[in-house]
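Record features (Swiss-Prot):
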ACT_SITE  Asp218  active site, proton acceptor
BINDING   Leu97, Gly98, Lys99, Gly100, Gly101, Tyr102, Gly103, Lys104, Val105, Lys123  ATP binding site
DOMAIN    353-423  domain 'AGC-kinase C-terminal'
MOD_RES   Ser394  phosphoserine
MOD_RES   Ser434  phosphoserine
MOD_RES   Ser441  phosphoserine
MOD_RES   Ser447  phosphoserine
MOD_RES   Ser452  phosphoserine
REGION    1-54  region 'Disordered'
REGION    380-399  region 'Disordered'
REGION    424-525  region 'Autoinhibitory domain'
MOTIF     28-32  motif 'TOS motif'
Amino acid sequence: MRRRRRRDGFYPAPDFRDREAEDMAGVFDIDLDQPEDAGSEDELEEGGQLNESMDHGGVGPYELGMEHCEKFEISETSVNRGPEKIRPECFELLRVLGKGGYGKVFQVRKVTGANTGKIFAMKVLKKAMIVRNAKDTAHTKAERNILEEVKHPFIVDLIYAFQTGGKLYLILEYLSGGELFMQLEREGIFMEDTACFYLAEISMALGHLHQKGIIYRDLKPENIMLNHQGHVKLTDFGLCKESIHDGTVTHTFCGTIEYMAPEILMRSGHNRAVDWWSLGALMYDMLTGAPPFTGENRKKTIDKILKCKLNLPPYLTQEARDLLKKLLKRNAASRLGAGPGDAGEVQAHPFFRHINWEELLARKVEPPFKPLLQSEEDVSQFDSKFTRQTPVDSPDDSTLSESANQVFLGFTYVAPSVLESVKEKFSFEPKIRSPRRFIGSPRTPVSPVKFSPGDFWGRGASASTANPQTPVEYPMETSGIEQMDVTMSGEASAPLPIRQPNSGPYKKQAFPMISKRPEHLRMNL
């Protein structure tokens, strides 16, 4: 049976675009509060007098107010007594999760300092490879800016970022559930309630990005990861665009063709509505086994996206059919989600009528698939061609010039959650002595090509405000049952039963007919 080809995904590829598979990454850059100077001699003397009063029947320790305690700032520097130096040696390599032209992604265990013993994914990128291509530098910059700004239950977290002379290291949360793509590969297609769950969580992540003025532009199964419970985590922010608010458009041609909105292909100017088209294309992929418009090559695929009818299988419910038609409208202005309500418009559709949005955001809704994991280190949801390799981080034998390294200024990061976990270990009850302050493929996504070399890592509004051209409108027609081609398999596609949580191992490929997915979209096994 022919099967899907793995497309650009999360852990399986550290390089940014033209590669076998692609992983998530994000780079933070925050300025940690600097520790205050050491206490003065007067303060130390005062502390000495306090101890002396205790020794001679003075006030008891629990009679002191907080005014007798010295306050100090919790920061990476202060809690680690002059800071914990995050470096490659802080992590033990466990498995290879992915490999690409720019480096590797490892499963690692932290062996020193805060988070000792915890499992992470470590993405290693070669600086020399990144700086050779302005587009790849732009991808890194976009991910850094966005993941610095957004924190959401359905968006991936980055814990640490650091660098050596020739490499960048990104320490990410380990998402042991693997890619949503792998679930589609196993099941062939999803039942509507399964698709509804994933689409609902994804819509909340997209809505959060849009509130921040960010459009995603590369929604596809490979960029959606699952955590150990089976909840969605949106990854890979290299093609995002910032500062896109109401009335603002951008003209960059980028994305993955099969999921790209018509206005991107026509270069007529686009806004956040492109993400709702992509959600519709993803929904169609989940329910039918392939994106809505595919061709033998990119040109034919683009022609179909711009001109062809939307064929809807007869087994889809009326709610699913209606949502697909409203999301896959070629006229962006009339597309569901394009209005001021954004994600709220999509979430109010009857297809999501059974979703409790508050419980979903709190991750209290049980996912349809819960990964069967044996331990925290389980890598069964990742490609064995990587995980069976011996993990080796090659020597850092290359360095950049001082001017080239300027691109990576502000790279180092420690997540606030790490500082909070350390802060909890400190008691703020009054002490006898006040605490002292410490001293010191055809599926290759199309990348954006706009990049200002002098911009580097700084933030700022860069959105184009040019008036969009008026796009040529082709009517979107939908087919009836008579247009369904069922001759190849002798039967029409239909939803399949799926494994319920905790009811047994995952099924293997279950699609009952020859896959409708084009050869270049299938996994090579």
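Our numbering is plain: 1 for the first residue shown, then up by one each step along the chain.
Even glycines carry a Cβ here, placed using N, Cα and C.
Rounded to a whole number, the C-alpha distance linking Lys99 (ATP binding site) with Ser394 (phosphoserine) is 13 angstrom. According to DSSP, Leu97 (ATP binding site) is assigned to a strand segment. DSSP assigns Asp218 (active site, proton acceptor) to coil in the three-state reduction, placing it in neither a helix nor a strand. Binding residues for ATP (Leu97, Gly98, Lys99, Gly100, Gly101, Tyr102, Gly103, Lys104, Val105, Lys123) extend across at most 14 Å, taking the greatest CA-CA distance. DSSP labels the residues of the region 'Disordered' (380-399) in these numbers: 4 helix, 0 strand, 16 coil. If you draw a 10 Å sphere around the CB of Val105 (ATP binding site), it holds 29 other CB atoms from the protein chains shown.
Within 10 Å of its Cβ, the residue among the recorded positions Lys99, Gly103, Ser394 with the fewest other Cβ atoms is Ser394. The residue listed as 'active site, proton acceptor' and Val105 (ATP binding site) are 21 Å apart (CA-CA, integer value). Each of the recorded positions Leu97, Asp218 was scored by the number of other CB atoms within 10 A of its CB, and the lowest score belongs to Asp218. Cα of Ser394 (phosphoserine) to Cα of Gly103 (ATP binding site): a distance of 9 Å.
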